[in-house]
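Structure first, commentary second.
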Amino acid sequence: FQGIFVLGLPYALLHSGYTGLFLIILSAALCCYTGKILIACLYEENEDGQLVRVRDTYEDIANACCKKLSPKLGGIVVDVTQVMELIMTCILYLVVSGNLLSHSFTYVPVSEKTWSVIAFVTLLPCVFIKTLKIVSKLSQLCSLVHFIIILVVMTYCLTQIHQWSWAKFRLSVEFEDFLVSVGVIIFSYTSQIFLPTLEGNMKNPGEFRCMLNWTHFFACVLKTTFALTAFLTWGEETKEVITDNLPSFLQTIVNLCLLTKALLSYPLPFFAATEIVYACISRSNCSNYRSPLFCLGVRGLFLLLTLLMAMFIPHFALLMGLTGSVTGAAMTFLLPSLFHLKLKWKKIPFIEKCADISVFILGFLCSLAGIVCSIKGLLEVFR
């Protein structure tokens, strides 16, 4: 929940004002709710009325919902959406790496795109990652670096508390900028992809709902505190990546820490995306899908794809807003509520049906509007 994309939340507040604070809280509540109903779809009652886990993955839930149309249609839709989100996450890591390097070494006459290529070169060893064990060690280092970064930024903001003013918050906001902010906030909470695996590996799955409540509560508190203190410190001067606002003596150090975090974070979504592709190919009975050369080829193509996208769309907030509006909203709001209604319609109370329908409609409207506004913003930038 507290990934590198938290750095975009102060910028989201700049364009959403007081409404942005409400959205951070509302998104936490809605994401917590959809996480619970998604896990509920993994279970069915047996003859004795006891809940039994009959499905293991997000794909299994989707296939169960779409089995009358096509046994594998739901799984294909979920797989494509998951891969899109994971690849977009990898692209964002490259974009932010180029941004951080360009702001850290301003005296070097190199463009931001060139810096992204340099960052990409350091990620080439990812093609040789075969197990999650290596990824987990990198993620541990990533978490440590992240806490250091947040601590430094928050400490500096608190030293500037004498400059804070609530007048910096907007009462009225531009509708299109606000919708891009919605995508940024949603994307910072997305975790539904990992929840079925997480719940299945818990020592006591009965504590899942309690765990989800507390993690979303603390994530909401931390996000709100960080975004609020950073925005109150810089106001209208708040930049897409908040560390760009730091004074030069801190900016270089923090940016290099962020660069380290971004590069250490890249292998996890990259590994997850390639594993989904391998699983899809294995189901198609392709005999070469586990050959070393084939694996290297798939990973190499994925790496190249993320680089090309990062080169063509080097805008952190707009890209994050688009990703949150497309895949984030689908995986977090649309699909969980739709699947829950489909599988549990006869068993859930009326109020829960209304909640699911409301979440679906809200997610659809936010997704549609966010897609239009993010694409429009990107087109204006390219012009």
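The backbone N, Cα and C atoms fix where each Cβ goes, and this holds for glycine too.
Marked as domain 'Amino acid transporter transmembrane' by TrEMBL: 1-375.
Per TrEMBL, transmembrane segment is recorded for 76-95 (among others).
Sequence-distant contacts of the transmembrane segment (115-132), counting only residues of its own chain at least 6 positions beyond either end whose CB sits under 8 Å from a CB of the stretch, comprise 94-95, 97-99, 101-102, 105, 259, 262-263, 266-267, 270-271, 295-296, 299-300, 303, 306-307, 310-311, 314. Residues or ranges marked as transmembrane segment in TrEMBL: 115-132 (among others).
Residues annotated as transmembrane segment in TrEMBL: 144-166 (among others).
According to TrEMBL, the feature transmembrane segment maps to 178-198 (among others).
If you look at the transmembrane segment (210-233), the same-chain residues 6 or more away from its ends with a CB under 8 A from one of its CBs are 1-2, 6, 9-10, 12-14, 20-21, 24-25, 28-29, 31-32, 35-36, 150, 153-154, 156-158, 160, 163-166, 168-169, 188-189, 202, 242, 245. The transmembrane segment annotation in TrEMBL covers 210-233 (among others).
According to TrEMBL, the transmembrane segment annotation covers 253-281 (among others). Within the same chain, residues 3-4, 7, 76, 79, 82-83, 86-87, 89-90, 93-94, 96-97, 100-101, 103-104, 119, 122-123, 126, 129, 132, 134-135, 138-139, 141-142, 145-146, 148-149, 152-153, 193, 241, 243, 246, 289-290, 295, 298-299, 302-303, 306 sit at least 6 positions outside the transmembrane segment (253-281) and bring their C-beta atoms closer than 8 Å to a C-beta of that stretch.
The transmembrane segment annotation in TrEMBL covers 293-313 (among others).
Taken from TrEMBL, the feature transmembrane segment applies to 319-339 (among others).
TrEMBL lists 359-379 (among others) with the feature transmembrane segment.
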Within the same chain, the residues 6 or more beyond the ends of the transmembrane segment (293-313) and with Cβ under 8 Å of it are 87-88, 90-91, 94-95, 98, 113, 116-117, 120, 123-124, 126-130, 270, 273-274, 277-278, 319, 378
